[in-house]
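> Pasting the relevant annotations from Swiss-Prot:
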ACT_SITE  CYS378  active site, nucleophile
ACT_SITE  HIS514  active site
ACT_SITE  GLU516  active site
BINDING   SER13, ASP146, ILE147, GLU148, LYS186, THR187, LYS188, PRO189, THR190, GLN191, LYS222  CTP binding site
BINDING   SER13, LYS186, THR187, LYS188, PRO189, THR190, GLN191, LYS222  UTP binding site
BINDING   SER14, LEU15, GLY16, LYS17, GLY18, ILE19, ASP71  ATP binding site
BINDING   ASP71, GLU139  Mg(2+) binding site
BINDING   GLY351, LEU379, GLY380, MET381, GLN382, GLU402, ARG469  L-glutamine binding site
DOMAIN    290-541  domain 'Glutamine amidotransferase type-1'
REGION    1-265  region 'Amidoligase domain'
Amino acid sequence: MTKYVFVTGGVVSSLGKGIAAASLGAILESRGIKVTHLKLDPYINVDPGTMSPFQHGEVFVTEDGAETDLDLGHYERFTSARMGKRNNFTTGQIYESVIKKERRGEYLGKTVQVIPHITDEIKQYIKRGAEGAEVAIVEIGGTVGDIESLPFLEAIRQMGIEEGRNSTCFIHLTLIPYIPTAGELKTKPTQHSVKELREIGIQPDILLCRADRPVPADERRKIALFCNVMPEAVIECLDANSIYKIPGQLHDQMLDEIVCHKLNILARAADLSVWENLLRALENPKHTVDIAFVGKYVDLTESYKSLIEAVSHAGMHTESKVKIHYIDSEDIERDGCAVLEKMDAVLVPGGFGKRGTEGKIAAIRFARENKVPYLGICLGMQLAVIEFARNVVGLAGAHSTEFERDTPYPVIGLITEWQDRSGKLEKRTEASDLGGTMRLGAQVCHLVENSLAREVYGVADIVERHRHRYEVNNTLLARLEEKGLRVSGRAPGTDLCEMIELPDHPWFVGCQFHPEFTSNPRKGHPLFTAYVKAALARKAAATSA
């Protein structure tokens, strides 16, 4: 029978519940326990797929095509568990499901209410997402005290009773702020946060205290006394310069032991040697490399969370410190590409909308003409095709129909139909809804023999995750190929262009998919590792010249 760890947050948002939950999952997994994760988001959107990156940050895409919260990316990177549609749900999904049941008459004429109907639906979703795991770590989004979170908190309160004391554990992440004028840490916000949680009917078993400096033992004893938890269950979460230090930090304070004792689980000792080896590589780099990250959401780097982590993983596996330079593409439109001259490589990530695209195209042209290693992901590949069409093939005004409906050369256009991995035919038009209508999830890509892509991956067929509704226009592709563009990856059966490269360039690759979603610190990802190696080679050549 599955046991549950519920993770809530208090005082302020963005304390790192996702990292804490993922770290606990990593430690429990190292003890031989099969874990899974769930994220419950209290917003009314059905999913984050149509939300602005400035509002929500990155949208993480799972293998089965769910557009989910970025915390699911942390869960996959920290553990071997694969997330899916059942691992993230929102208030919007819950209400949609309940309303559909009411319309079908499943409630037999009863008055449909938050309690019990909404809370019962939440519990059903939690149990469904936890199937097959020994321990399900369930993170409740938002902050205790938010109106939006109340149905979720009531649902997990009920589960605490229904599942039994030895099958549930409640962890509350809170903030211990340091007040410079007083010269001390303050515990009162934590006391009030726990008080609010207890008023709802939830008594936390463990407190994770986020702080920027060590919490003295007497302060921890005070927190334990006034929050009604055992002193050893007051655990400090200190700021760290790498999220991959957190599993060790929590294990050193016996978090996993306390959780296993609470859930009555007998498990082997934790083995965190993999994490220790990764940290050694991270903290003792032999090389340094500078990468220009040209996008339009660079003021909020959470928008590129998985991509940043994937580049970091490549650094670990090449013994390199990767310095990412975030460059707003609109700045390049205004000031030119001089900022790229000292970079060892250029990366253009995915995105939506016309704003900033000309700056990205200028950066791509700089990388192509100056033989700077280039990696274009999703929109970054599409813009590389547009740049090549304009400046090499001579198709003036070439563009994507996403940005210029009447472009004379629509080298990028809407995908009107394709098959998903199950063989189901998907169709789209310009009139289709925005939400949930993209080509999503894991898709097979066949790599051309003797291509750079084939060399990098080392296999003929790969599976990567997609999130896009526009693709390279095959009707114009032949003219680009005549001038040297090479299509190195295609989707079997549909002929969709998945990867492009330039054979006369040291390292120039574009991919329609998002390889960052499958990178993890233990193995890295071959595409990012090869990209960083190319950047290192360019730097070495420039240094010796």
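Glycine residues also receive a Cβ, built from the backbone N, Cα and C atoms like all the rest.
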> Taking the recorded ATP site as SER14, LEU15, GLY16, LYS17, GLY18, ILE19, ASP71, identify the other residues of that chain whose CB atom sits within 8 Å of the mean position of the site's CB atoms, giving them in sequence order.
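Apart from the listed residues, the neighbours are GLY9, ALA20, ALA21, HIS74, GLU139, LEU173.
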> Which residues of the same chain, at least 6 positions away in sequence, have a Cβ lying under 8 Å from the Cβ of MET381 (L-glutamine binding site)?
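Same-chain residues close to MET381 (L-glutamine binding site) (Cβ under 8 Å, separated by 6 or more) are MET499, ILE500, GLY510, CYS511, GLN512.
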> Counting across all protein chains shown, how many other Cβ atoms sit within 10 Å of the Cβ of LYS17 (ATP binding site)?
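Within a 10 Å radius of the Cβ of LYS17 (ATP binding site) lie 25 other Cβ atoms.
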> Which recorded positions (THR190, LYS222, GLY351, GLU402, HIS514, GLU516) fall within 10 Å of ILE19 (ATP binding site) by Cα distance?
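Correct set: empty; none qualify.
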> What is the one among the binding-site residues SER13, SER14, THR187, GLN191 whose Cβ has the most other Cβ atoms less than or equal to 10 Å away?
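Answer returned by the neighbour count: THR187.
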> May I ask for the distance between ASP71 (ATP binding site) and PRO189 (UTP binding site), taken between their Cα atoms and rounded to an integer number of Å?
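The Cα atom of ASP71 (ATP binding site) is 25 Å away from the Cα atom of PRO189 (UTP binding site).
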> Widest Cα span across the CTP binders SER13, ASP146, ILE147, GLU148, LYS186, THR187, LYS188, PRO189, THR190, GLN191, LYS222, in Å?
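Taking every pair of listed residues, the largest Cα separation comes to 31 Å.
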> Just to verify a number: CA distance, LYS17 (ATP binding site) to GLU139 (Mg(2+) binding site), in angstrom, no decimals.
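The Cα atom of LYS17 (ATP binding site) is 7 Å away from the Cα atom of GLU139 (Mg(2+) binding site).
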> If we count other C-beta atoms within 10 Å, could you say which of the binding-site residues THR190, GLN382 has the fewest?
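Each of the binding-site residues THR190, GLN382 was scored; lowest Cβ tally within 10 Å is THR190.
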> Of the binding-site residues listed here (GLY18, ILE147, GLU402), which is spatially closest to GLU516 (active site) when Cα positions are compared?
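Nearest candidate: GLY18.
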> Could you tell me the maximum Cα-Cα distance in Å between the residues recorded as binding ATP, namely SER14, LEU15, GLY16, LYS17, GLY18, ILE19, ASP71, rounded to a whole number?
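Those residues reach a largest Cα separation of 12 Å.
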> I'm checking region-level scores; what's the whole-number mean pLDDT for the domain 'Glutamine amidotransferase type-1' (290-541)?
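PLDDT averaged over the stretch: 91.
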> DSSP secondary structure for GLU139 (Mg(2+) binding site), reduced to helix/strand/coil, please.
strand
